Amino acid sequence: MARRERREGESRARHCPMDEGGEIAGRCGEEERPEPCKEGSPRWGPQHAGARELAELYSSGKRLQEWICVILCFTFLSYNFYNLLRYFSIEHTTGIAFSIFAGIITADFASGLVHWGADTWGSVDLPIVGKAFIRPFREHHIDPTAITRHDFIETNGDNCMATIVPLALMAYKFTFNSTELIQKTYHMDCFIFALAMFVTLTNQIHKWSHTYFGLPCWVVFLQDWHIILPRKHHRIHHVSPHETYFCITTGWLNYPLEKIGFWMRMEDFIQGLTGEKPRSDDLKWAQKVK
């Protein structure tokens, strides 16, 4: 309890709540936003010194990796989807529905776990993973609309990379296993495919949650019905110091995980074990002024 109270005190002292919508949110007819930051507080957005420095760390090598991962991922997704249709039978229907639901829930939890881990621990200075994978998370908190300026490759490359191995194994099985064996594992394959599909789409869904103009009607419909991550729901995460509501695929698990204090308990455990303070690197970048 004492640690929680100290954390709340630090949250108030560190920097003001992040308002990415600002005037835009008001024009969309949404609720009033918090008062703007007082003079001297960090200024959010692409003009922030830390955001500019982080954006410059995006390299041509990283871009190449993202292109390769997107091509491989969507090749495997297409091939596996074709084979799932090929081996479909009507008696699979109930199992398929359950498998898809389980895949979505698992993807939502996985998005939260990865998001929490990269937001909370590690540093941009770490070899290889720092600039390649932690950097975007640091940039996102001080320039959350940067993701809306990323193209499809930059937005989805890393998520595509995460799905390549399971999708490749599934493709191998469809190519070389017998029909009988494929039928026995069909529901598991549906689960893996749904999980891979929603993991692949997670950052695109995340991008849509920061986009206030020009979204297709079907995306807005899915957001309004909370089938994918809604914009208002995701704003809760973007109140400094970004310590809650980490799940960004559908966001369905955010409330129950917050109610049981899942992320706070995980942070307390790791901090007690290692002595590392949560989000210290995130704060360092947020406080850069030049």
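Using the three backbone atoms N, Cα and C, a Cβ is placed for every residue, glycine included.
TrEMBL does not curate its annotations; it predicts them automatically.
Record features (TrEMBL):
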COMPBIAS  1-18  compositional bias 'Basic and acidic residues'
COMPBIAS  28-41  compositional bias 'Basic and acidic residues'
DOMAIN    104-281  domain 'Lipid desaturase'
REGION    1-45  region 'Disordered'
TRANSMEM  64-82  transmembrane segment
TRANSMEM  94-114  transmembrane segment
>> Cβ under 8 Å, sequence separation of at least 6 from the ends of the transmembrane segment (64-82): give me the contacting residues as numbers and ranges.
In response: 132, 152-154, 156-158, 160-161, 163-164, 167-168, 170-171, 174, 189, 193, 196-197, 200
> Mean pLDDT, the domain 'Lipid desaturase' (104-281)?
Replying inline: 95
